[in-house]
Amino acid sequence: MPYKISRAAYAGMFGPTVGDKVRLADTELFIEIEKDHTTYGEEVKFGGGKVIRDGMGQSQATRAEGAVDTVITNAVIVDHSGIYKADVGLKNGRIHAIGKAGNPDTQPGVTIIVGPSTEAIAGEGKILTAGGMDAHIHYICPQQIEEALMSGVTCMLGGGSGPAHGTLATTCTGAWHIERMIESFDAFPMNLALAGKGNASLPAPLEEMILAGASSLKLHEDWGTTPAAIDNCLTVADEYDVQVMIHTDTLNESGFVEDTVAAIRGRTIHAFHTEGAGGGHAPDIIKVCGNPNVIPSSTNPTRPYTVNTLAEHLDMLMVCHHLSPSIPEDIAFAESRIRKETIAAEDILHDIGAFSIISSDSQAMGRVGEVAIRTWQTADKMKRQRGRLKEETGENDNFRVRRYIAKYTINPAIAQGVSHEIGSVEVGKRADLVLWNPAFFGVKPEMVLLGGSIAAAPMGDPNASIPTPQPMHYRPMFAAYGKLRTNSSVTFVSQASLDGGLAQRLGVAKKLLAVKNVRGGISKASMIHNSLTPHIEVDPETYEVRADGELLTCEPATVLPMAQRYFLF
């Protein structure tokens, strides 16, 4: 007779299985396990008296014979592709297999071989996600990188050279600074990439930045986002296969949103803070989220719309864009960008999948450690205010969760040409993974892996007899040190710079990898679960936003999950 175990006891031993539901942090979001790749009665688990022991769940296989380097056991995987339970095998810094781990000599159906060289990470009762990607970074200070890593971000793309005033406001890196920044990247356990300045009316200056290692080009209004600059930048980007990100002209000095759309001429472009509070044609830049060639994204200060959103934005904007509260024109500029109507509409546009990406805008009207938190707060607010999505098929929030996790994992990776390496829990991709306790999901990771090695984790007193005594706080782990630091992460650059000998010229230790397929091969339709293109109208007097004729409005939140309950200090 097979042994029977209660569902509760099974979940306590091996984690939830098909049909079980898990609450995400203190939100109203509930996921349900759709599929379990493990085998009942043959589960592997590490520990005293458990399964992964010699001759039992551990085989005699060497690495050469197929044993993986690390196995993550019985994890609940939350990914754009689905919500399911599986063992995950890591090998040579990549995801080697997703399925059933164990010893093929004694167990049936094994797809991940556990051998004597295999390390074990206990995923029972835990959630595993891809590392996050933040595609809107101002490299104002290097300390941002550790802050982002500890929040579950494993790739940062942006521009700048430190607290220079150009970097405080924009993410546009000049050619010499690009090379110097790439040299500095050896010091950081993080996948990194740089954007060059896209504001030029002739090709040569942009080409020099791409050849210096820019993975993308950024058009920013503070440098003059004119129709001529837009057209030239996209023309060069098409030639070199790099993405263009745009922050449009808030003051409408060189044209209106229609002029910008005309200058883009149907070419693929990533529109930053498309709602407009972070910058862009006032009051109607949000209209471009209905264009099939525009990939719209948000920065996290407006995520989600709360009773405090408007008040904090005015001060943020004055500081970030070098404005003076004593100059009336500067105050008028700032006030033109902050509109409660478009911010409220942004919540709903995210929920219906019309906005595709969420990023931070780090220290330049954004919080680098809150990309995940703000994403899930938005999802929670929308469930409370709008109810279940029509796409849901069960008594769960699986589709909504898949839509929202795509906004900071796979979609920015696709938009910026790195989805062949990162962005999802997928065989063959880099093992840049984050393990979460469900009660702390999206807030405080339990473990962050880079290239298959542990880079960060909460850790107690190093002098204690066990790892858990206070003070417990996030600390860098071994993937943040020595040669492993440069072997466990990469720098993304343009293919043209690699062809031009950038790696040899700079002599950096980190591997340089090329971005690819960011021009005609992708569009809004490439944004997984977030590809809707409604017709957007903005009333120029009231700022009311309509999508396909329907008014988009919602109340500001007065209370949010994932907030003070998790941060006592």
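One-based numbering along the chain as shown.
Using N, Cα and C of the backbone, Cβ positions are placed for all residues, glycine too.
Keep in mind that what you see is a predicted model, and the values were worked out from it rather than measured.
The active site, proton donor feature in Swiss-Prot is assigned to His321; the stated evidence is sequence analysis. Residues or ranges marked as Ni(2+) 1 binding site in Swiss-Prot: His136, His138, Lys218, Asp361. Look at Swiss-Prot and you will find Lys218, His247, His273 tagged as Ni(2+) 2 binding site, backed by sequence analysis. What Swiss-Prot records for His220 is substrate binding site, and it gives sequence analysis as the kind of evidence. The domain 'Urease' feature in Swiss-Prot is assigned to 131-569. The N6-carboxylysine annotation in Swiss-Prot covers Lys218.
Distribution of Swiss-Prot features across the structure.
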residue: His136; record: Ni(2+) 1 binding site; DSSP class: strand
residue: Lys218; record: Ni(2+) 1 binding site; DSSP class: strand
residue: His247; record: Ni(2+) 2 binding site; DSSP class: strand
residue: His273; record: Ni(2+) 2 binding site; DSSP class: coil
residue: His321; record: active site, proton donor; DSSP class: coil
residue: Asp361; record: Ni(2+) 1 binding site; DSSP class: coil
Those same-chain residues, other than Lys218, His247, His273, found with Cβ within 8 Å of the centroid of the Ni(2+) 2-site Cβ atoms are His136, Thr170, Thr171, Leu219, His220, Glu221, Met245, Ile246, Thr248, Ala271, Phe272, Gly278, Gly279, Gly280
Those same-chain residues, other than His136, His138, Lys218, Asp361, found with Cβ within 8 Å of the centroid of the Ni(2+) 1-site Cβ atoms are Ile137, Gly158, Gly159, Thr170, Thr171, Met245, Phe272, Thr299, Ser359, Ser360, Ser362, Ala364, Gly366
CA-CA within 10 A of His273 (Ni(2+) 2 binding site), subset of recorded positions His138, Lys218, His220, His321, Asp361 in residue order, equals Asp361
Taking only the CA atoms, the spacing between Lys218 (Ni(2+) 1 binding site) and His247 (Ni(2+) 2 binding site), expressed in whole angstrom, is 8
The residue listed as 'active site, proton donor' and His136 (Ni(2+) 1 binding site), compared by Cα position, are separated in whole Å by 16
Per the 10 Å Cα distance test against the residue listed as 'substrate binding site', the binding-site residues His136, His138, His247, Asp361 reduce to His247
Same-chain residues at least 6 positions away from Asp361 (Ni(2+) 1 binding site) with a Cβ under 8 Å from its Cβ, in sequence order, are His136, His138, Phe272, His273, Gly278, Thr299, Asn300, Pro301
Here the 10 Å Cβ neighbour count for His136 (Ni(2+) 1 binding site) comes out at 33
When pLDDT is averaged across the domain 'Urease' (131-569), the result is 96
Row Lys218 (Ni(2+) 1 binding site), column other C-beta within 10 angstroms, all chains, value 29
Between the recorded positions His138, His220, His247, His321, the one whose Cβ has the fewest other Cβ atoms within 10 Å is His321
Counting across all protein chains, other CB atoms within 10 angstroms of the CB of His273 (Ni(2+) 2 binding site) number 27
